[in-house]
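Feature annotations, courtesy of Swiss-Prot:
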- Arg278: active site, proton donor/acceptor (ACT_SITE)
- 17-20, 46-53, Glu361, 377-378: FAD binding site (BINDING)
- Glu118: site 'Important in orienting the L-aspartate substrate' (SITE)
Amino acid sequence: MAEIVDCFADRPIIVGSGLAGLIAALTMSPEPSVLVTRSALGAETSSAWAQGGMSVSLSPDDNPSLHLADTLAAGDGLCDAVAAESIILEALDAFHVLQHFGIHFDQDSNGHLALGLEAAHSRRRIVHVGGDRSGTAIVQALTACVLNDPSITVLEGLEARHILMADNVVCGLLLANPTSEIVLPSSRILLATGGIGGLYDATTNPVSNFGQGIAMAARAGAVLADMEFVQFHPTALHCHNRPLALVSEAVRGEGAVLINERGERFMADIPGAELAARNIVAQAISAEITRGGQVFLDARQALGARFSTRFPTITALCHKVGIDPVHMPIPVCPAAHYHMGGIAIDHQGRSSIPGLWVAGEAASTGLHGANRLASNSLLEAVVMGTRAARDITFHNTPHPLGTIPITPKKPDTTLIRPIVSQCLGVLRHAADMHRAIAALLPFVEGEEESSDPAIVALLIAIFAYLRTESRGAHARTDFPLKHDTTQRRHMTLEDVLEIAHSCVAQRKEKIS
């Protein structure tokens with residue numbers, strides 16, 4: 001039986017210690033809050049692994065309108081333009097917030113901010129820290145601030161398992177570790193639980209990030225949005241490790257080119273070439289690999305000996321697998337990297353469930369549309385983490401705890417990853433998605449270790465099955481063209497289960 005911990009009653013609970021969670025906790029201060037993280041504070045978060053940086057218009061030839069135009073173009077017709085504009089207009093504020101918390105962005109030899117260029121950006125607007133150590137440096141600085149703030153209680157080593165509801169509103173959170181189970185009563189929960197890359201064999205995310213926040217919110221009845229859109233980073237370091245190391249877009253921004261095993265630059269004739277939107281580059285690389293070829297990122301001519309200075313982290317990662325990027329091309333492949341979909345929220349971070357806010361990759365704001373523009377994710381995390389935190393401070397209506405369920409088992413993705421990797425990858429087809437839906441449904445309804453990962457995977461599969469076009473990061477070989485008009489899709493888990501059962505029944509009829 002879970003122990004009810006009353007000493008933190010009705011404090012806001014923040015789940016996750018990536019950029020969005022850390023910023024939210026610091027923004028709420030001095031109001032007392034509880035920050036829950038399944039590992040050490042700031043560890044095992046995608047934020048800490050970010051190499052590129054944050055996008056903000058700072059150069060004389062740039063402005064928010066150009067940034068918005070690039071974002072909408074990358075989003076391939078599916079961005080919420082109002083949400084995107086409002087977030088981008090706060091980019092400068094987000095930049096100053098990070099500076100306020102002690103983050104010192106890189107400067108050039110003249111003492112000016114060093115602005116990087118990444119794929120699908122029309123201007124240099126990526127601020128970074130320590131070359132390619134942006135995420136690590138930012139998370140370390142914010143973690144120090146959180147640990148030094150007496151208003152923030154940090155609970156490490158606890159995994160959120162279930163959102164407690166009473167009369168359709170949030171009333172608490174059920175957490176567990178290998179030795180104990182506890183309940184934190186609260187009418188205010190902010191999920192900043194990250195993405196879903198851990199559902200894939202090839203991922204650049206922490207492998208434990210399978211979408212736990214999405215699964216919990218879905219079981220509680222929250223509306224989900226755009227779940228089909230999974231961004232595959234085109235250039236993960238191709239090796240046998242899991243997760244795969246990221247070879248940042250910034251390397252291509254500095255002039256590195258993609259070649260196949262014959263030394264051919266296969267992106268040269270594609271608009272934007274190596275700096276085309278991520279979905280285009282990932283699909284081109286996948287096509288080369290599917291035909292049995294190999295793909296390499298060649299920085300020898302563009303950077304040469306400067307590579308190790310500009311990209312020290314990537315250099316070290318390459319050296320670990322026997323690659324010297326100064327003298328050798330880097331073997332690369334696409335890997336699940338970022339989820340544009342998630343829990344649907346409004347402009348203040350509120351979900352469809354009273355008392356539940358969401359920020360960061362777990363949320364779907366509409367900023368990214370069908371395909372995220374590089375380095376917009378850190379921007380979104382800061383802006384939406386700040387907004388949600390401010391909104392939460394205006395809401396505090398305690399609700400008594402309802403029935404406390406049996407604690408769900410610790411999630412395990414082992415049985416789900418092969419299904420997702422084979423059927424919901426860069427290139428998709430209805431036959432594969434049918435197989436995925438049929439395979440996932442028993443896990444969803446089984447209440448076992450695979451249940452929560454299967455819920456998230458099934459959401460992706462059904463959303464993808466219903467989108468009968470290729471748009472942004474969602475590419476279907478059976479529907480290679482885009483519809484003339486399109487719209488975002490919003491559904492609950494109940495909606496998805498109804499469609500899934502119908503799909504399985506139809507498949508059985510065809511087989512019989």
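For all residues, glycine too, the Cβ spot is worked out from N, Cα and C.
In sequence order, Gly18, Ala20, Ser46, Gly194, Gly195, Tyr338, His339, Gly342, Ser377, Ala381 are the residues near Glu361 (FAD binding site), counting only same-chain partners six or more apart with C-beta under 8 A. Neighbour list (Glu118 (site 'Important in orienting the L-aspartate substrate'), Cβ cut-off 8 Å, at least 6 residues apart, same chain): Gly52, Ser55, Ile126, Glu249, Ala250, Arg252, Gly253, Leu275, Ala374, Ser375. Arg278 (active site, proton donor/acceptor) and Ala48 (FAD binding site) are 21 Å apart (CA-CA, integer value). Counting only residues at least six positions away in the same chain, the Cβ atoms of Ser134, Gly135, Ile138, Ser377, Leu378 sit under 8 Å from the Cβ of Ala50 (FAD binding site).
A separation of roughly 23 Å, to the nearest angstrom, links the Cα atoms of Arg278 (active site, proton donor/acceptor) and Leu19 (FAD binding site). Ranking the binding-site residues Leu19, Ala48, Leu378 by how many Cβ atoms sit within 10 Å of each one's Cβ puts Leu19 at the top.
The residue listed as 'active site, proton donor/acceptor': 26 other CB atoms within 10 A of its CB, across all protein chains. DSSP assigns Ala50 (FAD binding site) to coil in the three-state reduction, placing it in neither a helix nor a strand. Sequence-distant neighbours of Ser17 (FAD binding site) (same chain, 6+ residues apart, CB-CB distance under 8 A): Leu35, Thr37, Leu41, Gly42, Ala43, Thr45, Thr143, Val146, Val154, Ala192.
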